[in-house]
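**Student:** Next up is a structure, given as structure tokens.
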């Protein structure tokens, strides 16, 4: 009976992961998400202070100490990194990580920016822009979206989500970073309370080496790494309405041998490269969509004309079957 209970708890835990709710728990302790946008509404603001008082060692004294002061020191606002044309990719990634770190980790128990994993990329990038304007402390999932935004104008850098599930002292812990790949090397960007669970310089030859680096860091905190989820490369198109593929590969680390893990990671690396070989067409902006005419009017789009003909009623197709069209040297027979 106990075994069945443990199994049901694990199944429920996996269901929460599938729904993208793992970031709402921090070591088994739930935290709130500000769903009302900014500026924070009164109800969310007071709830944040009550929750902070419950989880902080000094409790209510902390809230009174801060809220009762009218002349708190002004917090410096970090500047979004800018680069010279000669700045190398590794140097740019280090500057981005420095900026993310300067925003500081959010210890309030309330995540300020709501990140829905199912939202299209363009909407998530809009949230990242808001992060740069507000310069508030962030958690790991917010840092991933921000890092995607800050690397979006680097076509030579491929990005993919890399998340971890670890176990320690009866609790499961969830963490996510943004894996990066450029020049044949892997690295990572992110935010964590632990210095060695976020940024990794662009120096790992394989995805296996990068994962082993994180696994070693977890061991240093007596955590057992249970599961790794790896997504596909994220599009560089700022107007893309595609969803980020967060978990193309799900690896049960405690059930795989080292060789099996290596093979699975090599397979995932090949899958990511295949996506680069077949990029999705860019999504037009709203203005471009309004100005675009019918595909039939464009002399340089014979493939679209074929698709239109294929969707016509059978009576029209029979007439068109008797002739061919010559468009810019292409013979199209329908």
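Just so you know, glycine gets a Cβ as well, placed from its N, Cα and C.
Here's the feature list from TrEMBL:
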ACT_SITE  140  active site
ACT_SITE  175  active site
ACT_SITE  192  active site
COMPBIAS  11-24  compositional bias 'Acidic residues'
COMPBIAS  307-324  compositional bias 'Basic and acidic residues'
REGION    1-28  region 'Disordered'
REGION    267-334  region 'Disordered'
**Student:** How many other Cβ atoms are found within 10 Å of the Cβ atom of residue 192 (active site), counting all protein chains shown?
**Tutor:** 18
**Student:** Suppose we draw a 10 Å sphere around the Cβ of residue 140 (active site). How many other Cβ atoms does it contain, all chains included?
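**Tutor:** That number is 24.
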**Student:** Cα-Cα separation of residue 175 (active site) and residue 140 (active site), in Å?
**Tutor:** 7
**Student:** For the C-alpha pair, I'd like the distance in angstrom between residue 140 (active site) and residue 192 (active site), rounded off.
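**Tutor:** A Cα-Cα distance of 6 Å.
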**Student:** Among all protein chains shown, how many Cβ atoms are found within 10 Å of the Cβ of residue 175 (active site), not counting that one?
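**Tutor:** That number is 25.
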